[in-house]
Amino acid sequence: MSADNNDHLVQSDDPSHPANLIPSLCAKFWTLGWVTGTGGGASIREEYAQTPDHDYIDLVYIAPSGVQKELMKPADIYVLSLAAQAQSLDRRQRVYLRSPPRYKPSQCTPLFLAAFTKRRAGCCIHTHSHWAVLVTLILETQGPGKDREFRINNIEQIKGFGRGSEKSGNLGYHDTLVIPVIENTAHEEDLTEFLEEAMDKYPDTYAVLVRRHGVYVWGDDVHKAKTQCESLDYLFQLAVEMKQLNLPWITDVEPVVPRRS
C-alpha cells in the first residue's frame, strides 16, 4: 500500500529531520566509497512525529533503490509505518505512508526493519565498503568453522562500540570485538532471515558482515550508528593492513597499571 499525498512527511527545514539527514549522510558515505554505484543506503526510525493534521508513531524513513546516493533529495525518501508493517500478514508486503514519484523501494528494507524491530535501533546503515568485503574474503581463506566471525582486540578504536543491546557503556581497549559473518544471497532481501539469525546468536552485536557484499550497522540513534559504522570501517582497514604485515588480530597484551604517587 502506498500513498503519494503524504509529501509533508519529507518536508522540513530542520537539517536533523530524517528526510534531510538521510541524503546528507549518504552524500558523506559516497565520498568514503561506501555507497558507490547506487549501492548501500540508510534508514532512520522516528518514534514520534507530529504534523498539523496527524500524530505518527514509529515512522521509518528509507533511502530508495537506484538513486545515486550523492545526489539524493528528501523528495526521494520512502516513509513506512513500523506499526502497520508489524500487523501485515505478509512480511514482503510493505505498508508505505509515502512513496516518491520515481525510484523503487530498497531491497534493504526488510533488513533495516530487522534492526528496528529486534534491536529497537534508531538508525541502520548499509555500506559496500571494500574494506568490509576484503575482511570477509580474508576470513574465507581460514576455512570452514573459522570464517564466521571477525574478531579483533587491543585496539583503541574498539571503544567506539557499545557493550550490547540494553547494556550501558562501551567496550574497552582490551575487550574483543566480535562481528558475525553471513553468506551473501542473489537477492538482498533474502538475507533477512540470516541477518535475524545472526542477531539472535550474537545479542550484543551492532553489526553483521555479509560475505563478498558489505556490512549492516545499527545504533540507538543516528549519532551512535554513524560512530560505530566509522569505527568499524577503520578497524576493517586496519585488519586488512595488519594481515598484509602478518600481524594477528587477536593478541595478549598485558594491561598497563597507572603509577600511584
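Heads up, the Cβ atoms here are built off N, Cα and C, so glycines get one too.
TrEMBL entries are annotated by machine, without manual review.
Per TrEMBL, the features are:
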{"type": "ACT_SITE", "residues": "E156", "note": "active site, proton donor/acceptor"}
{"type": "BINDING", "residues": "C108", "note": "substrate binding site"}
{"type": "BINDING", "residues": "H126, H128, H213", "note": "Zn(2+) binding site"}
{"type": "DOMAIN", "residues": "20-240", "note": "domain 'Class II aldolase/adducin N-terminal'"}
H126 (Zn(2+) binding site) and C108 (substrate binding site), distance between Cα atoms, whole Å:
8
For the recorded positions C108, H128, E156, H213, which one has the sparsest Cβ surroundings, going by other Cβ atoms within 10 Å?
E156
Whole-number answer please: how many Å between the C-alpha atoms of H213 (Zn(2+) binding site) and E156 (active site, proton donor/acceptor)?
26
Enumerate the residues of the same chain, H126, H128, H213 excluded, that satisfy the criterion Cβ within 8 A of the mean position of the Cβ atoms of the recorded Zn(2+) site; list them in sequence order.
G39, G40, T127, S129, A132, V210, G214, V215, Y216
CB within-chain contacts under 8 A for H126 (Zn(2+) binding site), separation at least 6:
G40, G41, A42, C108, L111, F112, G214, V215, Y216, V217
If you measure the residue listed as 'active site, proton donor/acceptor' to H128 (Zn(2+) binding site) at Cα, how many Å is it?
24
